[in-house]
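Residues or ranges marked as signal peptide in Swiss-Prot: 1-22. What Swiss-Prot lists as domain 'VWFA' is 29-202. The region 'Disordered' annotation in Swiss-Prot covers 212-250, 377-428, 539-659, 710-740, 802-875, 890-995. Positions annotated as compositional bias 'Basic residues' by Swiss-Prot: 212-224. According to Swiss-Prot, the disulfide bond annotation covers 298-311, 354-366, on the basis of sequence analysis. Taken from Swiss-Prot, the feature compositional bias 'Acidic residues' covers 383-407, 894-915. For 539-563, 571-651, 802-817, 843-857, 916-995, the entry in Swiss-Prot reads compositional bias 'Basic and acidic residues'. Swiss-Prot lists 859-874 with the feature compositional bias 'Polar residues'.
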């Protein structure tokens, strides 16, 4: 019979934390064996993976509690996950598991799980097998029973759950540990619904004491032979890969005698391989007529080669039991040192060491650990009993002795060379390491696994090269979006833009709300004690405008409906079904006839008859009808108001700016790898979420509506000053008045003789923040002329008007640049997250929030994602710059609103101001001469003023003609009315292009100097 539903074999070596109260059920090892044969459809396979993910989230997974593994099988073994205690890595790997296909052979899955228990199972920890599947094909029953009997003999408890209505109860009960450990469910959907019950099943089977043989069919395999009592040595990894000084006794031993039967004999010494342990071998010797067997382990980074009868480098031996052939994760632990681990490269295991001060943790990689001070590679690790191999091992470690004193990236095939940072070495095979030179001007970076550090090595007093670049905090990533997604940090970090969904143009990146950027380089990389991220962005305002228009239309419709309801409520029906206006009826003073009796009645009596139906005896008060109509209208209004509120709530949902977790829906609406870092943004807030290596989680929120956050001191002082002025002079809004408003104010006050010159100067000084250039010059001019009491308010008004025209005509380029900068800053926000030695600071613009956490930022294996992740909405808007540091760049990198190129512009402005001041001095001398003449002859005063005005107009006219070409290039106005829109579009594009070129030219020319300064 064929299997109607999916068949999974869960080898549960752990007990879940859901609903488990007993401490006896909290420690175990779990291997999940998944049926991926042709009997399983893709949809059913996804449901089974979903059930597995739900189990993973409910388990108390940890290296000290529950460890989980998984195997997929069809006709052969497919993807596998070794036993580990990292929940996020398990969920991430389960998601990418694929069906191997082929006929269903469940006994191969059981056999593979037995190997996993033998190689990675913990000693003295319950081992449980859960067989979950449908009806079993008759031809596979015997093999499956044989494997379950072997598992039972190895103290692996088997629990069986049958899926479907066609499963045979006897077969399921025969697989299980006993009949009480056999369960039945309708289908895969029923499994998803009842997945929370499985922890109780597991706890029950863990507490079961007496195993029994299969009830239906007994295995015909021969019982395992007991090993000889004189065996010397124990394999360090048949039940545990964790090597300790005090090794417990093993409950089961390898059949060494059988291994010696297959050994290769060389001069009365036999050498044999050990199943499932590529790095182990057995030595067999005849001693006094008896066979002495000794288990041995190859030196660090070597496997046993049966063909060569010796230990060789792992890359030179194709071991069929190498776990890298079946596992999905890139690395696993190596029990020779706390720093050692195996890395999978091209399907083979390669030994690696974590840098000093770090330890390897399964599923996490190299993590900071001050207690891990073991040597790696371990000295004297060889235990093969062969002197030649020992000699070769010394030669092999010629470079390793030097490398042990240096830190290097365990995931990098390149090694640094001590004292030569401009070089690196690479393993070329046959125990040879070849040196290579970095490109000129660069140094080798172990963390980047490339020559990515800008700089040159310096020599110390002894003549040795010393790498001082470690003292300079440089960004790991800098994206100004000038040359597409080119990284200007010098690290050449690759940034993925899938489908080119993120549009790069004019020095900005546009995110449409469905796109994002991915940076895989930071996957599995320890961030260290300091992390600094800074981003400049602007949300898309088109949605807000559309939303406001919709709200306006909704309010108009609701007002119209309210007016119609008012007219409807003011009209009533009479007994004949005709509608009349009560207001008209109330204004009339005439009499109304009753048609039935022909009598004249008063309006009040008619009103009473209108309220009572004599034929039916019921009240028909129109007020009730009106109330009913009002309730209907109110209900409609409430429904639309709720919809509008929902739209606003959706619009105010946080959008992800950057995260380092892998999150999407996948029918679970959750993250498969929870990010340890996420920055989100909303209309009025910015959110920061951080998780540490000590499982400490910190959430910060910078909200514009909340008090208690820090402000810039300058802005605070300015606000306090404006508030004092407002309290002193009353409620007014003239703080932002333009020059025209000031002229009108002076003209209005010029008749007031009580207004002194000093008061006017103070008034102008108070408002000079509105137009720094014009008002600064004006204040200087007034203070210089203040001693001359002969100047009148009329002259002052003319002077202001003249200055205003000069400002319009002079320096059109400066006005354009200023307008461009104002447009460029409009709506832009800057957000940063700084983590330094456990201190966290989240900041947006001039507000910030702080907190403290234990441990460093937790490393994830998803890399960084810009504009997406963390189970929030994708970012929709523009980004201008993105910085990522793994060090502390200092306060200079926090919020530098004006870049270095702004200094050059300021210098130019100062020169222009000096020229203007000089010109003003000459004009002032002329005016002073004119005023002296006015004292002698009042009649010539008007003529001189007219002449001065004419001269000024000529000068300004010539200046305007000179700047006419500049105005024509970027002017928004045109004499032709039909071409106004087209000119405006061209002008906008020119502004965007000029701003982009200004930024990108600066970045291209000064990025190296600029980064060194930081």
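For all residues, glycine too, the Cβ spot is worked out from N, Cα and C.
Taking the Cα atom of each, residue 298 (disulfide bond) and residue 354 (disulfide bond) are about 20 angstrom apart. Counted within 10 Å of its Cβ, the other Cβ atoms near residue 311 (disulfide bond) come to 25, all protein chains included.
Listed by sequence, the residues of this chain that lie at least six past the ends of the compositional bias 'Basic and acidic residues' (843-857) yet keep a Cβ under 8 A from its Cβ atoms are 368, 526-529, 531, 676-677, 681, 685-686, 688, 690-698, 700-702, 704, 709-712, 715, 829-835, 894-895. Note on the domain 'VWFA' (29-202): its mean pLDDT in the predicted model is 82.
Taking the Cα atom of each, residue 366 (disulfide bond) and residue 311 (disulfide bond) are about 27 angstrom apart. Reported as a whole number, the C-alpha separation between residue 354 (disulfide bond) and residue 311 (disulfide bond) equals 23 Å. The 10 Å shell around the Cβ of residue 354 (disulfide bond) contains 26 further Cβ atoms across the protein chains shown.
When the compositional bias 'Polar residues' (859-874) is classified with DSSP, helix, strand and coil residues number 0 helix, 5 strand, 11 coil. When DSSP labels each residue, the compositional bias 'Basic and acidic residues' (843-857) comes out as 0 helix, 9 strand, 6 coil, counted as helix, strand and coil in that order.
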